[in-house]
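Swiss-Prot annotations:
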REGION    1-38  region 'Disordered'
MOD_RES   SER13  phosphoserine
COMPBIAS  18-31  compositional bias 'Basic residues'
CROSSLNK  LYS39  SUMO2 cross-link
MOD_RES   LYS136  N6-acetyllysine
CROSSLNK  LYS224  SUMO2 cross-link
CROSSLNK  LYS226  SUMO2 cross-link
MOD_RES   HIS245  tele-methylhistidine
CROSSLNK  LYS286  SUMO2 cross-link
MOD_RES   LYS286  N6-acetyllysine
CROSSLNK  LYS294  SUMO1 cross-link
MOD_RES   LYS294  N6-acetyllysine
MOD_RES   SER304  phosphoserine
CROSSLNK  LYS366  SUMO2 cross-link
MOD_RES   LYS366  N6-acetyllysine
MOD_RES   LYS373  N6-acetyllysine
CROSSLNK  LYS386  SUMO2 cross-link
CROSSLNK  LYS393  SUMO2 cross-link
CROSSLNK  LYS399  SUMO2 cross-link
Amino acid sequence: MSHRKFSAPRHGSLGFLPRKRSSRHRGKVKSFPKDDSSKPVHLTAFLGYKAGMTHIVREVDRPGSKVNKKEVVEAVTIVETPPMVIVGIVGYVETPRGLRTFKTIFAEHISDECKRRFYKNWHKSKKKAFTKYCKKWQDADGKKQLERDFSSMKKYCQVIRVIAHTQMRLLPLRQKKAHLMEVQVNGGTVAEKLDWARERLEQQVPVSQVFGQDEMIDVIGVTKGKGYKGVTSRWHTKKLPRKTHRGLRKVACIGAWHPARVAFSVARAGQKGYHHRTEINKKIYKIGQGYLIKDGKLIKNNASTDYDLSDKSINPLGGFVHYGEVTNDFVMLKGCVVGTKKRVLTLRKSLLVQTKRRALEKIDLKFIDTTSKFGHGRFQTVEEKKAFMGPLKKDRIAKEEGA
């Protein structure tokens with residue numbers, strides 16, 4: 001510490017080294033929850049897309065606390081989660097060196113958005129992926145082989161996972177290539193898992209079948225990229241005094257003369273952001289239903305509550321900034337999550353047994369804010385804005401042109 005007579009803790013954690021750009025854009029599940037055969041068969045993870053943030057008002061249910069039975073305002077994140085399609089089954093056997101893939105079976109029909117994932121350039125390709133494989137499901141020899149594969153998986157496998165992909169055409173994004181991932185199937189016996197997965201081949205699985213209201217989940221994703229940053233921004237080291245020669249936002253001493261190299265633990269400039277991160281214990285405040293047609297009418301009121309009966313959708317006025325409108329099922333999570341808008345996020349069931357009172361608290365939303373997130377929004381719905389503003393000039397011009 002040079003001539004200082006006191007020490008200080010180091011700046012920045014060494015637990016996240018190396019701080020470099022993530023090799024994958026989609027968050028990777030490095031461990032799934034522990035299997036419990038006494039529970040019914042269920043999936044353990046799901047993919048969603050970050051739409052944006054808003055705030056809610058709710059009444060706290062925490063007896064003995066100072067805020068019990070009082071209203072609190074909390075920030076929430078909206079993650080759009082259209083149903084995922086199951087297109088494959090993978091069986092694993094446990095070996096002394098860990099899990100090993102035993103067999104992989106794909107469905108007969110696979111959509112183009114999923115096939116795009118197997119090509120670097122879909123436009124220039126011959127688009128022949130799985131054409132030979134899908135014939136297995138049609139001829140007699142192929143069917144016999146598939147039956148043998150299923151029976152051998154029941155006999156030898158200990159872990160069953162399904163291959164599922166997202167439906168990009170349902171989202172307000174330009175990307176056409178679906179995100180594909182393996183999701184572990186937990187609960188029941190291996191035979192029950194395999195039967196469950198086989199029944200759902202080529203079927204859609206909604207998020208409501210994976211997660212429940214008030215559940216604590218983990219969010220895995222890649223953080224927002226910041227580019228190449230200096231040492232003060234990247235490691236939050238202290239700025240040097242004003243009169244320092246050759247810059248202030250630096251580290252004055254980067255180590256001793258010997259060993260004659262800079263240690264890995266010394267804060268240096270470099271990449272900041274776009275790192276792979278897993279955040280645990282995010283509470284689900286609401287699992288919302290997407291737009292649906294009932295009796296020939298489009299039902300959008302997925303942001304109404306027992307206290308706020310106004311007919312409004314979860315979308316703020318003008319849509320979510322840099323995202324658009326959420327028209328599919330969505331998950332409302334407490335607080336913030338990693339990544340930028342439109343970023344794909346992996347939602348995973350918690351690995352822990354939740355015992356804390358905050359984790360088990362029942363959430364009853366009183367109000368969901370839907371004002372415009374582009375500036376200082378004042379109105380919750382379009383009708384409220386029209387009632388306050390009165391007839392606008394553009395309305396009068398349109399009326400005159402119509403007449």
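Glycine too: its Cβ is placed from the backbone N, Cα and C atoms.
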Tell me, how many other CB atoms lie within 10 A of the CB of LYS136 (N6-acetyllysine), whichever protein chain they belong to? 17
Provide the three-state secondary structure of LYS393 (SUMO2 cross-link) computed with DSSP. helix
DSSP secondary structure for LYS294 (SUMO1 cross-link), reduced to helix/strand/coil, please. strand
Same-chain residues six or more away whose CB lies under 8 A from the CB of LYS224 (SUMO2 cross-link)? GLY273, TYR274, VAL338, GLY339, THR340, ARG343
Counted with DSSP (H/G/I as helix, E/B as strand, rest coil), the region 'Disordered' (1-38) has 0 helix, 0 strand, 38 coil
Calculate the distance in Å between the alpha carbons (Cα) of LYS136 (N6-acetyllysine) and LYS39 (SUMO2 cross-link), and round it to a whole number. 34
Work out the three-state DSSP category of LYS386 (SUMO2 cross-link). helix
Any same-chain residues 6+ apart from LYS39 (SUMO2 cross-link) with CB under 8 Å of its CB? Would you list them in sequence order, or say none? ASN186, GLY187, GLY188
Candidate with sparsest Cβ neighbourhood (10 Å radius) among SER13, SER304, the listed modified residues: SER13
DSSP output for HIS245 (tele-methylhistidine) maps to coil
